[in-house]
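A.B. asks: Supplied in structure tokens, the structure appears directly below.
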Amino acid sequence: MDNLKLIFSKLGIGIALIVMIIGMSFASDAFLSAHNILNILLQVSVICIIAVGMTYVILTGGIDLSVGSIVALSAVCLGLFTHLGLKWLGDEVSDFAVLAVVLIAILGSVLVGALCGYINGIIIVYGKVTSFIATLGMMGIARGLALTISDGKTIYNFPDALRFFGNGRIPISDSFSIPIPVIIAILVVLVSFYVLTQTIFGRQIYALGGNREAVRLSGVNVEKLEVKTYVINGALAAVGAVILVGRLNAAQPIAGTGYELDAIAATVIGGTSLMGGFGSVIGTSIGALIMGVLQNGLTLLDVTSYLQRLIIGVVIILAVFFDQLRRGKVSIGQLKRIFFRE
């Protein structure tokens with residue numbers, strides 16, 4: 001029985017994804033087409049990247065409600081930095097100069113996201129404000145800044161070098177290519193998996209979520225460690241913004257609305273405990289895929305967007321419920337006594 005529980009805790013989310021894919025393939029003939037599979041991967045790439053950043057934070061027992069607004073602020077800053085750089089260069093410029101401007105603008109955008117995360121971390125750790133309240137405040141600040149500096153207007157028309165990050169593809173064969181956003185998402189997942197499982201920093205993050213006081217007594221600066229997780233989260237939100245701007249060829253101050261909830265949902269569905277100390281970025285990426293498969297499959301089945309949100313909400317609640325079962329906070333026996341009282 002214990003071995004079965006261990007296998008379920010490790011592989012349950014992957015099995016759930018496979019079952020869902022099989023079910024959707026029977027429900028719709030178009031689901032398993034190469035075009036549709038790539039479309040799903042493309043659609044979940046941004047949320048997957050943001051959710052990986054969220055995983056760092058949730059592993060410590062925190063939460064970040066500001067990532068959607070950080071996406072908007074980073075996107076607007078990317079748009080402004082790019083246009084300012086191109087304006088400074090003048091009309092006749094080389095492709096290399098344009099690429100340099102784009103890369104500098106991307107770096108500046110990521111730094112903006114990291115700065116927002118840093119401010120979150122400082123307020124939470126040193127200001128002793130709960131992560132929920134602190135990041136709720138940053139949600140309003142970042143969104144307000146995005147609307148203010150853009151004058152509430154969308155910034156359009158970016159060079160091909162920037163659009164490449166959202167619409168570019170790497171050809172694998174004459175008839176098959178992989179979208180750049182998917183490659184970026186895979187790289188983010190793999191690097192984060194290595195950091196969290198193979199480095200001292202990663203092991204300290206898990207330990208911080210499991211037993212903060214024990215980590216402190218072992219000589220680790222828990223305050224600095226926790227701030228770093230929010231910085232990483234903010235930076236990855238900005239990476240998501242880069243892809244979004246490239247894909248849409250537009251930097252919108254209203255971008256990222258609701259992304260914080262999608263990121264939290266993907267993380268929780270992927271098996272990361274909201275209490276901290278347990279989870280993985282592989283699970284988070286599978287959680288993002290489950291959301292993508294569910295939304296795509298329901299769309300192919302002509303299920304309304306309103307009902308889709310309801311179904312995804314039920315899935316999130318079930319994911320949290322199974323986490324509580326795994327942690328022993330609730331038992332099957334307790335549920336029987338509640339629902340089957342004599």
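Using N, Cα and C of the backbone, Cβ positions are placed for all residues, glycine too.
The following feature annotations were taken from TrEMBL:
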- 6-26: transmembrane segment (TRANSMEM)
- 38-59: transmembrane segment (TRANSMEM)
- 65-86: transmembrane segment (TRANSMEM)
- 98-126: transmembrane segment (TRANSMEM)
- 132-156: transmembrane segment (TRANSMEM)
- 176-196: transmembrane segment (TRANSMEM)
- 263-294: transmembrane segment (TRANSMEM)
- 306-322: transmembrane segment (TRANSMEM)
A.B. asks: Go through 38-59, 65-86, 98-126, 176-196, 306-322 and flag the stretch with the largest number of C-beta pairs under 8 Å relative to the transmembrane segment (263-294).
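C.D. replies: Against the transmembrane segment (263-294), the leading stretch is 38-59.
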A.B. asks: So which of 65-86, 132-156, 306-322 has the most C-beta pairs under 8 Å when paired with the transmembrane segment (98-126)?
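C.D. replies: The stretch with the most contacts is 65-86.
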